[in-house]
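Engineer: According to Swiss-Prot, the record shows the following:
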type	residues	note
DISULFID	60-108	disulfide bond
DISULFID	157-214	disulfide bond
DISULFID	262-308	disulfide bond
DISULFID	357-415	disulfide bond
DISULFID	463-514	disulfide bond
DISULFID	560-616	disulfide bond
DOMAIN	240-323	domain 'Ig-like 3'
CARBOHYD	42	N-linked glycosylation site
CARBOHYD	235	N-linked glycosylation site
CARBOHYD	257	N-linked glycosylation site
CARBOHYD	307	N-linked glycosylation site
REGION	780-799	region 'Disordered'
């Protein structure tokens, strides 16, 4: 009994256990773009080298079931300064005109929810070579007690490149080398990484005055040509020198026209002049021509530093700077400071009092202040002092100090700021001192401590200030660190104490501080108050949309949960079915008392009539949000299996092919059992589709279903639609496009013949060591001027669309030239193999057709297995060649050119299979019809089912 059970368990197919054919994702990165070099010697460090501005194409080839989703990400490379990430959800990553900053490591992440994701990477190295920059530096040193001077010249050549460039120095047309003579030295400076080379000319001699060329090269990597730069060294070579037509600080009035000239006083070669402005660009309307800068009708915003720079690549650039100051007065403020020694915050007779006045002026130190009392100039005395630049106040501030305040000191004080002799208008500020002048207080109006508004509405926060004079109110956030006000400022001034917001958002909720300013009022400790802003916003729910599947007759529970909202509670929940209002479901008393955070609807048994769209509208008295449920007993979509090995079976003689379509059913137990599938097949660019019904038995999770599509035309592609059907009706459809691909010749498949219909020619490659290549063609692609009386008119099938491989022996081919076509590498798993193929050898100059076996067991060894020479007639003939490889091997078709141009040789329909060759030649005109499949096959299901019945009968 135990033995029988063990046998039964062993016969159960693997895919029927656990997850079936579900498999975790696997990935491999291949390149398909304009790569220069792809180094793959070290698998852990694959490097893809590409030239800048070329097109990068990387493909992530994935396997696994269900079909994995692919995501590309990138980390920084050598040419990038910081981490970067870009996500591309596609199996092919394509970057047009790649830049050097896009180099780095690219990761392909494939995941399908089974197991762990597969992650592969490749490093992209972007190659480039910029134009070199050559600068000249000179030093002069005294030698032997000032009897004569030695002049040394350094020619510094710098270039940005990847890989590091090689430098070649030339004097005229002669190449210079390190220590070529006592006057030449070539070296790399410290703290450089190969991007700089210096040519040092010591104790300059007459022959050193010449033309010098710095040539940089990356050794033609990626086809990047060399670049060079030339400099003519003479005895007059000198760095630039400058002088300005104005002083370095230029003060002007607004509205004036400003002209500054930057004059060259030296430099050979002739330097180039350039004007710049900091901060920002030159003002609008400014004109820089050579060394002349003109600014018409200058304004205060045009103030700043203007730089004139001269460069001629000799020495350091010469630079002169003009600080342009346009006179202006703005932002007049005052401060009332009670007696600081007595730490008083009020004005009291008998104590000191200070009045301060400040304006923002350009230039600040040139502003002049005047004080007036009751309209008359204030006269200084022992009790009235006027000071400037108080260290406790902003720079260039004027203060009027009243010592031992008397009643007679009460009055109106006026501070006037001006630029004497300038058309800039004066700026003044007035301060009233009396017994009613009191420090400020601040408070929040009654009922305004908490402001509640809806999101998107305007809001107004208010603080009331009392006192004389009333200072401005400053607003800031309290509860959030580094949080900004709605205006984007950290601190905002309001003259009336009201902070206004046009449209509030939920992020603006929180506590706001209002405080008195210490200017335009008393210079005392700031008074503060706080206002709470509460923003109500509609609820957010989950799921916003959910697909609910259940078998007919089973119960269904729908739940709509509140994620967030203000207020955070459900005030009401309304359910609708297909737009019709449903009676409210019962609510538990506990949930009603606490305020529920979700709404539920229960269906006792799902029926066709109760299938459809359900909506739950949740409200919190501010707004509402909706959960949408699509409830049905529809079957989920099939999951196509993309990892079928060699799904294409071609039948060359009938010009048809078949395709093995495989799939699994997603979550088959979630709904009623699948009864059958409806298959729709449509040839691309055609309108008519063929529909077939595919009956199935009980489908298990992970079970691989299979159906063979027959009578497909080579080389057309087809669109496939597959729909499952249950007792409920049609389920979700899955679609894909299948393409005809020539199967790769594999010895494990006896019916796998290479017909050369696909451009990939079954993985065959041209040998790089031969004289010329095999050519793939058919009757439609033949050269109309081809040589007559040689070569086949069509392939073995006799149709003009069929392809074959041949050698063209016309000029410039010569006697004995060889063309070799090499198969993929096969792993030997049998002792004997048979190579079958058709050949066509017609023409009076036919050479030889050889079949070789390349063994890769210990090294590489080519062995002749078959050979044929001479004219064999204008017919296709078949050959069967037995081979006995001792290890991994390849087969090679070698065509040898004969004595003339009438010697074209062709091959077609190559088959490699295990076992001995047939004793009788197959009729080449016989058409073999491959068997189609009219019903799906449940892989291995029928086999182990029959075996189980047999074992049970045996046990009895």
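Heads up, the Cβ atoms here are built off N, Cα and C, so glycines get one too.
I would like each feature placed in context: is it buried or exposed, what are its neighbours, and how far apart are things?
Structural biologist: Cβ-based neighbour count (10 Å, all protein chains) for residue 108 (disulfide bond) stands at 24.
Under DSSP, residue 157 (disulfide bond) is assigned to a strand (E or B) in the three-state scheme. In the structure as shown, the Cβ atom of residue 157 (disulfide bond) sits within 10 Å of 25 other Cβ atoms.
Residue 262 (disulfide bond) carries a strand DSSP state (E or B). When other Cβ atoms within 10 Å of the Cβ of residue 262 (disulfide bond) are tallied across all protein chains shown, the result is 26.
The Cβ of residue 357 (disulfide bond) lies under 8 Å from the Cβ of 332, 333, 334, 369, 371, 397, 398, 399, 400, 415, 417, 429, each of which sits 6+ residues away along the same chain.
Sequence-distant contacts (6 or more apart, same chain, Cβ under 8 Å) of residue 463 (disulfide bond) comprise 442, 443, 444, 473, 497, 498, 514, 529, 531.
Annotation for residue 616 (disulfide bond): same-chain Cβ neighbours under 8 Å, separated by at least 6 residues, are 541, 558, 560, 573, 574, 575, 576, 599, 601, 626, 627, 629.
Counting residues per DSSP class in helix, strand and coil order gives 3 helix, 49 strand, 32 coil for the domain 'Ig-like 3' (240-323).
For the recorded site, residue 235 (N-linked glycosylation site), the DSSP three-state label reads coil.
Sequence-distant neighbours of residue 257 (N-linked glycosylation site) (same chain, six or more apart, CB under 8 Å from its CB) are 294, 295, 296, 297, 298, listed in sequence order.
Counting only same-chain residues at least 6 apart in sequence, those with a Cβ under 8 Å from the Cβ of residue 307 (N-linked glycosylation site) are 275, 276, 277, 278, 319, 320, 321.
Residues of the same chain lying 6 or more positions beyond the ends of the region 'Disordered' (780-799) and with a Cβ under 8 Å from any Cβ of it are 652-655, 755, 806, 808-810, 838, 840, 842-846, 874, 876, 901-904, 906, 908-909, 924.
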Engineer: Would you count the other C-beta atoms found within 10 angstroms of the C-beta of residue 560 (disulfide bond) for me?
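Structural biologist: Neighbour count, Cβ to Cβ under the 10 Å cut-off: 27.
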Engineer: For residue 415 (disulfide bond), just count the other CB atoms lying within 10 A of its CB, please.
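Structural biologist: Residue 415 (disulfide bond) is surrounded by 25 other Cβ atoms within 10 Å.
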Engineer: Between residue 108 (disulfide bond) and residue 157 (disulfide bond), how far is it from one CA atom to the other, in Å?
Structural biologist: 40
Engineer: Over all shown protein chains, what is the count of other CB atoms within 10 A of the CB belonging to residue 214 (disulfide bond)?
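Structural biologist: Counting Cβ neighbours of residue 214 (disulfide bond) within 10 Å gives 23.
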Engineer: Excluding near sequence neighbours, so keeping only residues 6 or more apart in the same chain, what lies with its CB under 8 A of residue 60 (disulfide bond)?
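Structural biologist: Residue 60 (disulfide bond) has long-range Cβ partners 27, 28, 29, 70, 72, 91, 92, 93, 108, 110, 120.
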Engineer: Return the count of C-beta atoms lying within 10 angstroms of the C-beta of residue 308 (disulfide bond), excluding that atom itself.
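Structural biologist: Taking all protein chains shown, residue 308 (disulfide bond) has 24 Cβ neighbours within 10 Å.
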Engineer: State the Cα to Cα distance, in Å, between residue 308 (disulfide bond) and residue 157 (disulfide bond), rounded to an integer.
Structural biologist: 25
Engineer: Could you put numbers on the helix, strand and coil content of the region 'Disordered' (780-799), residue by residue per DSSP?
Structural biologist: 0 helix, 0 strand, 20 coil
Engineer: Of these recorded positions, 235, 514, which scores lowest on Cβ atoms within 10 Å?
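Structural biologist: It is 235 that, of the recorded positions 235, 514, has the fewest other Cβ atoms within 10 Å.
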Engineer: Mean pLDDT over the domain 'Ig-like 3' (240-323): what is the value?
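Structural biologist: So the average pLDDT across the domain 'Ig-like 3' (240-323) works out to 94.
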